[in-house]
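Peer 1: For Cys10, Cys15, Cys33, His36, the entry in Swiss-Prot reads Zn(2+) 1 binding site. Per Swiss-Prot, the feature Zn(2+) 2 binding site maps to Cys25, Cys28, His42, Cys44. Per Swiss-Prot, Zn(2+) 3 binding site is recorded for Cys100, Cys105, Cys123, His126, and the stated evidence type is sequence analysis. Here Swiss-Prot flags Cys115, Cys118, His132, Cys134 as Zn(2+) 4 binding site. The feature zinc finger is assigned by Swiss-Prot to 4-52, 94-142, with sequence analysis given as support.
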Amino acid sequence: MEFPDLGKHCSEKTCKQLDFLPVKCDACKQDFCKDHFPYAAHKCPFAFQKDVHVPVCPLCNTPIPVKKGQIPDVVVGDHIDRDCDSHPGKKKEKIFTYRCSKEGCKKKEMLQMVCAQCHGNFCIQHRHPLDHSCRHGSRPTIKAG
C-alpha cells in the first residue's frame with residue numbers, strides 16, 4: 001500500500017525520489033532527499049548567499065579570509081606559519097635567566113635561588129652559603145652530633 005500524498009518528491013531532476021522526511025534547502029526553498037540536500041549536490045544557484053564560512057585563527061582570534069576553492073585548514077595553517085602574532089614557536093623567550101652570583105661561575109638557572117644570608121642569586125651548585133663563600137656577618141656553623 002502506497003501513500004502518494006505522504007512525503008514529497010526530491011526536486012533534483014535526476015532523482016525525483018519520494019521522501020517521507022524531505023529536507024528543504026534554506027537557500028532555494030526546494031525539497032530534497034538526504035542525498036541531494038547539500039548545496040553542491042543539487043547545484044543550488046543561491047548557495048553563495050548562505051554557504052559563507054570565515055575561519056578564525058585559534059591563536060590570535062583573527063578572522064582569516066578564504067577564497068572560493070581554498071581549503072580553510074590550509075589557509076589558517078599558512079596564516080599561523082607566516083602572519084600570526086601569537087605563534088608560540090616564534091617567541092624566543094630566554095628560559096635560563098638567573099645567573100649565578102659566585103665569582104667565576106657562568107651558570108644560569110630557570111629558577112631563582114636566593115641565599116637567605118647575603119641575598120645573592122646562585123646556581124644549584126653554589127646555592128648553600130658554604131659553597132659560595134658567603135660573606136654575610138653571621139657565619140654558618142656546622143654542628144657535630
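The backbone N, Cα and C atoms fix where each Cβ goes, glycine too.
Are these features on the surface or tucked inside, and what touches them?
Peer 2: Reduced to three states, the DSSP call for Cys15 (Zn(2+) 1 binding site) is coil. Within the same chain, residues at least six positions away from Cys15 (Zn(2+) 1 binding site) with a Cβ under 8 Å of its Cβ are Cys33, Asp35, His36.
Note: Cys25 (Zn(2+) 2 binding site) has non-local neighbours Asp31, Phe32, Phe37, Tyr39, His42, Cys44, i.e. same-chain residues 6+ apart with C-beta under 8 A of its own C-beta.
For His126 (Zn(2+) 3 binding site), the number of other Cβ atoms no farther than 10 Å from its own Cβ, over all displayed protein chains, is 22.
In the three-state DSSP assignment, the secondary structure recorded for Cys115 (Zn(2+) 4 binding site) is coil. Within 10 Å of the C-beta of Cys115 (Zn(2+) 4 binding site) there are 18 other C-beta atoms, taking all protein chains into account.
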Peer 1: Roughly how many Å separate the Cα of Cys10 (Zn(2+) 1 binding site) from that of His126 (Zn(2+) 3 binding site), to the nearest whole number?
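Peer 2: A Cα-Cα distance of 81 Å.
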Peer 1: Sequence gap of 6 or more, C-beta under 8 Å: which same-chain residues meet both conditions with respect to Cys123 (Zn(2+) 3 binding site)?
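Peer 2: Set apart from Cys123 (Zn(2+) 3 binding site) by at least 6 residues yet with Cβ under 8 Å, we have Cys100, Lys102, Cys105, Lys107, Lys108, Glu109, Met113.
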Peer 1: Given the recorded Zn(2+) 2 site (Cys25, Cys28, His42, Cys44), which additional residues of the same chain have their Cβ within 8 Å of the Cβ centre, ordered by sequence?
Peer 2: Ser11, Ala27, Gln30, Phe32, Phe37, Tyr39, Lys43, Pro45, Phe46, Ala47
Peer 1: Between Cys134 (Zn(2+) 4 binding site) and Cys28 (Zn(2+) 2 binding site), find the distance joining the two CA atoms and give it rounded to the nearest Å.
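Peer 2: With distance taken Cα to Cα, Cys28 (Zn(2+) 2 binding site) is 83 Å from Cys134 (Zn(2+) 4 binding site).
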Peer 1: Using a Cβ cut-off under 8 Å and a sequence separation of 6 or more, which residues in the same chain sit near Cys118 (Zn(2+) 4 binding site)?
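Peer 2: Once residues fewer than 6 apart are set aside, Cys118 (Zn(2+) 4 binding site) is near Pro129, Cys134, Arg135, His136.
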